[in-house]
Amino acid sequence: MRKLRTSSSSRSLFHHPRDSTSSQRRASLRYFRKMGDPVTDYTARLQQQEREIRSLSAEIESLKNPQNLSPSPRLDELREENTRLKYRLNILKRSLQEEKPHCSKSMMNINQQLQEIFGEAIRASCPELDNPPLAVTPNQQAKFGDYQCNSAMAMAQMLKAKGIKVSPREIAERIVQNLPDNELVQKTEIAGPGFINIHLKRTFVSKLLSNLLVNGVQPPPLASRKKVVVDFSSPNIAKEMHVGHLRSTIIGDSMCRLFEFLGYDVLRLNHVGDWGTQFGMLIAHLQDKFPNYLTVSPPISDLQAFYKESKKRFDEEEDFKKRAYQCVVRLQSKEPDFIKGWNLICDVSRREFQKVYDCLDIQIIERGESYYQDLMTRVVKEFEAKGLMELDEGRKIVFAPGQSIPLTIVKSDGGYTYDTSDLAALHQRLFVEKADVIIYVTDSGQATHFQVVFAAAQMIGWYNPQVTRVEHAGFGVVLGEDKKKFKTRSGDTVRLMDLLEEGLKRSMDKLKEKERDKVLTPEELIKAQRSVAFGCIKYADLSHNRINDYVFSFDKMLDDRGNTAAYLLYAFTRIRSIARLANIDEAALRKAAETTEVLLDHEKEWKLGKCILRFPEILQKILDDLLLHTLCDYLYELATTFTEFYDSCYCVEKDRKTGEVIKVNMWRMLLCDATAAIMAKGFEILGINPVHRM
């Protein structure tokens, strides 16, 4: 970073506070742009000055003789220079604010903006604290304001540890006094021991809502477009997808949708199990059952039954077992006949997987374990070359720092393991894909495995966790209504296609129960059926904290009361119908968005407006912790807040006798439109496809 030198020419730009006109600020901004980043440079100088002041202040405090407590000339000099620097920094910040293009299309993260405002005030209030805590959260009770800053109490504790006694309330007063000029905050109030209640400017919130209505639901500005790899779904070839694959598929897809909406470059990967010993037994069984498989495509429609037959022979017939192992060796040697048999089996599985992905609207790129075969050898050699491998009864193992369990990267028979393929996959994603973020969506039972893999990758120097985010997003198991692992009555694992088909049947029953078949066309009814069935299955999963187990219940997920997809889909449809019933088309709404102020005088209008604008905050939280139930909770809150608003505020007034529309409160119609727009985007991120009529 370039240092700013104070010369006579630079001093002349800041001759006197009263001379700081807009033209001078622009001139100063142009001057400092030539020198580098002015705000960063001045901030760095300020911090250095403040450190020196703290050091000198501490030196004075430490002097035992009261006669020696006269401030040094150097301290006075630094304080004077510090005051000048702060003044210059404020001018530069105002200039930059005026000059920078306003990204008007993006939704503002109000919480983030308040954190910047209060962060600046907190640093100015207690310069002696290096990393003062910053806590700004939405206020739970409207009577206390819209947001709340709770930093003062923690700051008082930090100061006390330094031997400085200041009450939290006094710190809160300092923070309020140091708040910079801004367009968000109407007023602040200090409550209790030092809570700062924040009231937003209604006119500013109204402008943000107008911006949303004119430009649509746009993501916040992205600092840099990072590459994100999400590893999810990951079924095994030759085995049917079952309910255990449901969570990974749904959660992983929704995470991808979130990153994609926010503007990241996302690679969706399906790390299928398509290599290993089981393919030896499958190919050997294929040769016996369909000896002409090389010329005539074998009719393997039920691959699950085919797998069970081959597994039974593998367990019971010694000759078959030996031949199966020989088939594995020949497959790994990539002999054409064996590769063809392998491809036949993989293709049957892929077709079955695709039926599930089509139902759930999942886009994913398959890269099975076979994709990384050649790279596995190079990874093993790299660990060997760096002396990180140990021999253990013929196996080659790797112990990562802080991990009690080793990785087995070469078996005693010379074969590779899941550990090897996961290391190779991680290497490829880091060095070939150049991913900035890598997320593995698998059940929590694999947490230890990934923890060791990540530790080994850091040990060998593949990535720095402070720079690259590599994370296992684990999840609990799906339980039946008996609170035991979800299985069929016969004790088998539930097939995923059977589950989806049952969902379709039950959603149609629900729609007919509500007599929707009498008002919808056959085509609309089918769309509603699929929307409700698959939307409810997805939402039931995503609305629970992924870390916990959850009980799968069609009755609960299809209930149109409470926090369910059925309730939200019906609520969304009702909101969308308001404009239609008032005979207002989209063109009229668009024109109103550009010309009509969104009034927020009624308490329910204000509550709804603030709730709508919390959307970017919710997405940021999920980006940080990857817990998607936060979005479900928010959409439910938005729907119930809308109901409160609609019950209290007339959007359309009709003649009670004729039913004729006599008045339309257009600003309230715009609030309806904004609510529906946010709900639609939320559904999109969750992978739910709403329909306009249900």
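Note that the numbers count up from 1, one per residue, in the order the chain is shown.
Just so you know, glycine gets a Cβ as well, placed from its N, Cα and C.
Those TrEMBL annotations? Automatic predictions, nothing curated.
Since we're looking at a predicted model, the values are computed, not measured.
Marked as region 'Disordered' by TrEMBL: 1-26.
Taken from TrEMBL, the feature coiled coil applies to 39-95. Averaged over the coiled coil (39-95), the predicted model has a pLDDT of 62.
Marked as domain 'Arginyl tRNA synthetase N-terminal' by TrEMBL: 112-200.
The domain 'DALR anticodon binding' annotation in TrEMBL covers 568-694. Secondary structure of the domain 'DALR anticodon binding' (568-694) per DSSP, as helix, strand and coil residue counts: 87 helix, 7 strand, 33 coil.
In the domain 'Arginyl tRNA synthetase N-terminal' (112-200), the DSSP tally of helix, strand and coil residues is 38 helix, 19 strand, 32 coil.
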